[in-house]
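Enquirer: Handing you a structure now.
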């Protein structure tokens, strides 16, 4: 059974210890719920922030690219910073990680709401969004880094951690569905005004075009759109708080779960050096860095692609929802697949399956039915991309512990630096992609876009992600922990404990 029950206690201490290592379904569910806030807010920001800054806040694409890049880059920097401070945190009666989750939550919710508020100021809007975007990224990091590291403190049994991770990934992908549904459906009900531009010439000057166009909707319509974004932010903020409460009440952090008999404390910087010299970790990062970047680039530009290139202005939120629903429903499939055929095989099959559909969506003529079919198929690959990195990282940590049995307390470093590299490169890519749209002549709040913009969007959601996926899979061949190695590590770790 995937959900093992309590072991009997009649056969002595070892069986008693094994029984205590088992996690109840309730504990796994409470743990899994904690993954929803990061994914729900991250999905809403990832899919909608770019189009919000350009068409609702009406920022110049150049400034929007600065906000997206600096916000993501700062988000990346905060991960190792928080990892460092967590490693210095003393254990309390609530644990070492849980206080970070509890105290960061209310401030994160407030800053998240203010990201989606359009201030009534003639200047300083760029600074407003930059400050609150960076502040929210800092606070959500104070939630997510300790939550990610909590995987190693809920049980000493690898099978239990893998099972809990599967629960967590299912809820996290469900969180992306909620983020997409709440944000998309609430905002989609508002009639966002656009500007009917004249026929685009090859070198149309955007400022001249803006002076000559007629508004297709009144100002009140834009106000309705702004209010819709704030309502969505309020709903998602309430969900964030609810999940944090369930996590803090339903999960007990076990100090002994991640400690070996010979553990001795090691300084953060020495631990960082050891982690960065661990070959399996570097190879895992190298492989998933590019595949994760491909999906983030797709996420950041897909709303614009659906709205302008495919012409589905009133359908894009439903297309995004189809992707995320498909991903949610196929997480159990990939969990079964990786236990049956191994995690490396699941990587190759799962992530590469997105390639033909990413190519199809730009080669075929714009067709709503075909787009929905492609969206459902792409969601299957998104599920694999969600599940596999977080399922494989604990294997790397176990391998590290066998090689360095005198080191402990570095779980947060592993998780935070993996996220650091992914977020920093995604910040660079999103900044570059928004600048590319600026150079192509993106028309703020335009009902349509020049052909150069449409071509750029096709590159950003198809050609570039496909190239990144292929590169990531090529690098992943160097990853040394296959199923045989994983089983040997599990047995050696049990002996060491």
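The backbone N, Cα and C atoms fix where each Cβ goes, and this holds for glycine too.
What TrEMBL lists as transmembrane segment is 97-119, 126-147, 228-251, 280-298, 318-338, 345-363, 369-391, 412-435, 455-479.
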Enquirer: Could you tell me whether the transmembrane segment (97-119) and the transmembrane segment (280-298) are in contact, taking contact to mean 3+ Cβ pairs under 8 Å with a sequence separation of 6 or more?
Expert: no
Enquirer: Excluding the flanking five residues on each side, which residues at least 6 beyond the ends of the transmembrane segment (369-391) place their CB within less than 8 Å of a CB in that stretch?
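Expert: Contacts of the transmembrane segment (369-391) (Cβ under 8 Å, skipping residues fewer than 6 from its ends): 148, 151, 162, 165-166, 168-169, 172-173, 284, 288, 291-292, 295, 306, 310, 312, 319-320, 322-328, 330-331, 333-335, 338, 343, 346-347, 349-354, 357-358, 360-361, 418.
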Enquirer: Give me the stretch from 97-119, 126-147, 318-338, 345-363, 412-435 with the greatest number of Cβ pairs under 8 Å to the transmembrane segment (228-251).
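Expert: The stretch with the most contacts is 97-119.
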Enquirer: Any contact between the transmembrane segment (318-338) and the transmembrane segment (126-147), i.e. 3 or more CB pairs below 8 Å with pairs at least 6 residues apart?
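Expert: They do not touch: fewer than three Cβ pairs between the two stretches lie under 8 Å.
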